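Novice: Just passing along the structure, written as structure tokens.
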Amino acid sequence: MSGAALGLEIVFVFFLALFLLHRYGDFKKQHRLVIIATLLAWYLCFLIVFILPLDVSTTIYNRCKLAVNSSPPENNGSYVTLAPSKPKCFKPWSYIPNGIMPIFWRVVYWTSQFLTWILLPFMQSYARSGGFSITGKIKTALIENAIYYGTYLLIFGAFLIYVAVNPNFNLQWNQLQTIGIAAANTWGLFLLVLLLGYGLVEIPRSHWNGAKRGYLLMKTYFKAAKLMTEKADAEENLEDIMEEVRKVNESIKYNHPLRKCIDTILKKCPTEYQERMGRNMDDYEDFDERQNSYPSEKSLVKLHKQVIYSVQRHRRTQVQWQILLEQAFYLEDVAKNETSASRQFVHTFQSQESENKFFQYFYTPTVEWYWECLLRPWFYRVLAVVLATFSVIVVWSECTFFSTKPVLSLFAVFIQLAEKTYNYIYIEMACFLTIFFLSICVYSTVFRIRVFNYYYLASHHQTDAYSLLFSGMLFCRLTPPLCLNFLGLTHMDATISHKNTQPTAYTSIMGSMRVLSFIADGFYIYYPMLVVILCIATYFSLGTRCLNLLGFQQFMGDSEMTSDLIDEGKELIRREKRKRQRQEEGENRRREWKERYGNREDSTRSRAVHTDQKESSFSETNTNRPLSKFTRSNGRTERDRIELLQDAEPLDFNADSVNDDPLESESGR
């Protein structure tokens, strides 16, 4: 069982990262290297969070063994005790043998650092590049990253020169490595506190507001108005870009040297635009080299980049609009069904997606009514209270974790109480819940934030490659300081507890922060206290109010702009609802028509086919018979058929008399 827990968590975390990436990314359309790099970054970060509790329980057991070896042991059968009054030092069920965890943490940490500082930034520039060849994209990515990382290398080089010149410093390679790790963790901790302060307040509040049906519906109307504006802007932008592509496509002919670039751009355009441009293209017209109106390759690279961005944005807004409509219709159905006397949930529109039959068997309309109208609001309220309690404990522990005598951090108190009884199950569960809640607060903020249209994680496979890679960078930079902060809250870090005890394997990989005392004793201890100020600012929505003043519309209940957007969104939802109702009514009428008259039409067709077959067989039979066997009626029928098939003679309006009956004239002749 020693390695089974580690193996199970490794496999489980891999599928968890794969599931989340499948929700936000698009495996079919995005490049495989982008998917693999993002999956590796997410997987390593989630793996650190899940494996760290096992490291804590293993460290506590190793401390117990050291205490046993340093004190006279007592033989008590199959286990060793420190004294008759001491608890027994059992081996935990998830114990990991010595030597495995240091290697594991070293591989995971340095791989994540290589991803976040070297590979992922390079792939970001590569994904955003509009080059038409691999060489061109690599060149653009190298230039952009050289400018970005040149400043870091300049600062680090100046620091090395200062250390080499100053005789008071005698740094070795391990100390330089620790300084690099400390610099990366300092940058990550600076961002970590900002995201944590937002998540500690916003997550409980969002669940509390989730119990308010009216609040959710008004917010959905607000989102609909904003999304419609963004959708119209995306459509207009796409039209402008496609117009530029059309002009370039008409100017550069089939035998132009840059025609391959135009074909590459056309492949990225939507299908309807490709067909429209293909119809207006004259491939037989040669280009004139004397003309100077042809675009350059650099301008085509820029146009290619704009086409990729505009098409992705247009597709994303279209999908998000349909999803938002479904949410709005469902919330309106919930509001209507709350007063239902039958206590059965009735949908205005049937779901377009095929649901699982097993799910439909248990989730009946009655069960759905009780869950949506009665149980779900109370469940969200209870969950919000639990999350708010966790948030208060985290804020208190962040402000008091540096105090060792007495121990004021509640997480440290819980771990120390469990350590006295060597209850490893309790230790691992407490550690997992603590670091899991911290991770949810930080990672959920990463999924929620939006930096204009450059970084935005959109679900339902609508996230672009740049945003996926950027999220992987953020996760790799935030996870190591998050774990160090967790170890400080639980006093498992010797730098915080000031005890000469065996450190965890994760802390040993990070190195001793005593090399930089102003960071270990100053920044790491006092900077997390700013989470209190950030929580207060988030509670009073100061950031939302500032963005609203700057012109970025945010959902605020006491704002006149918010009420106007709610009314606009309500009208948009009502219009889309009427449109869908007309579509469903038309489909129902066509379905009823097919059910009512479909059998008659089928029988009419079958009779017509049967009649044609009889006539054809009859004509074949008559053709094979001798001429003398024809009856008088058959001859008359044949003559009438021939006369009807003959062309009538044209009328002569200049003649003296007009014969109205062409048959009589024929017989007269």
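Heads up, residue numbers simply count up from 1 along the chain you see.
Cβ atoms are placed via backbone N, Cα and C, with glycine included.
TrEMBL lists these features:
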type: TRANSMEM; residues: 6-21; note: transmembrane segment
type: TRANSMEM; residues: 33-52; note: transmembrane segment
type: TRANSMEM; residues: 103-126; note: transmembrane segment
type: TRANSMEM; residues: 146-165; note: transmembrane segment
type: TRANSMEM; residues: 177-201; note: transmembrane segment
type: COILED; residues: 224-251; note: coiled coil
type: TRANSMEM; residues: 378-396; note: transmembrane segment
type: TRANSMEM; residues: 425-446; note: transmembrane segment
type: TRANSMEM; residues: 466-489; note: transmembrane segment
type: TRANSMEM; residues: 523-542; note: transmembrane segment
type: REGION; residues: 576-669; note: region 'Disordered'
type: COMPBIAS; residues: 582-617; note: compositional bias 'Basic and acidic residues'
type: COMPBIAS; residues: 618-634; note: compositional bias 'Polar residues'
type: COMPBIAS; residues: 635-644; note: compositional bias 'Basic and acidic residues'
type: COMPBIAS; residues: 658-669; note: compositional bias 'Acidic residues'
Novice: Counting Cβ pairs closer than 8 Å, which of 6-21, 33-52, 103-126, 425-446, 466-489 has the most of them with the transmembrane segment (523-542)?
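Specialist: Answer is 466-489, with the largest number of Cβ pairs below 8 Å.
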Novice: Same chain only, please: residues at least 6 beyond the ends of the transmembrane segment (33-52) with a C-beta under 8 Å from a C-beta of the stretch. Say none if there are none.
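Specialist: Apart from its flanks, the transmembrane segment (33-52) reaches 6, 9-10, 12-14, 16-18, 20-21, 25, 27, 104, 108-109, 111-112, 115-116, 119-120, 123, 127, 431-432, 435-436, 439, 465, 468-469, 471-473, 475-476, 478-480, 482-483, 486, 506.
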Novice: Which range wins on Cβ pairs under 8 Å with the transmembrane segment (177-201): 6-21, 103-126, 146-165, 378-396, 466-489?
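Specialist: Ranked by Cβ pairs under 8 Å, first place goes to 466-489.
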Novice: Under 8 Å, at least three CB pairs between the transmembrane segment (103-126) and the transmembrane segment (466-489) (pairs 6 or more apart)?
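Specialist: Since 3 or more Cβ pairs under 8 Å link them, the transmembrane segment (103-126) and the transmembrane segment (466-489) do come into contact.
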Novice: Which sequence positions outside the transmembrane segment (425-446), separated from its termini by at least 6 residues, show Cβ-Cβ distances below 8 Å to it?
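Specialist: Cβ under 8 Å, 6 or more out: 49-50, 52-54, 56-57, 60, 92-94, 192, 195-196, 198-200, 202-203, 387, 390-391, 394, 411, 414-415, 418-419, 457, 471, 474-475, 478, 482-483, 485-486, 489-490.
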Novice: Would you mind listing the long-range same-chain contacts of the transmembrane segment (378-396), meaning Cβ under 8 Å and 6+ residues beyond its ends?
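Specialist: Tertiary neighbours of the transmembrane segment (378-396) are 196, 200-201, 203-205, 207-208, 210-211, 408-411, 437-438, 441, 489, 531-532, 535.
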Novice: With Cβ-Cβ distances below 8 Å as the criterion, list the same-chain residues six or more beyond the ends of the transmembrane segment (6-21) that contact it, or say none.
Specialist: 35, 38-39, 42-43, 46-47, 50-51, 54, 94, 96, 100, 468
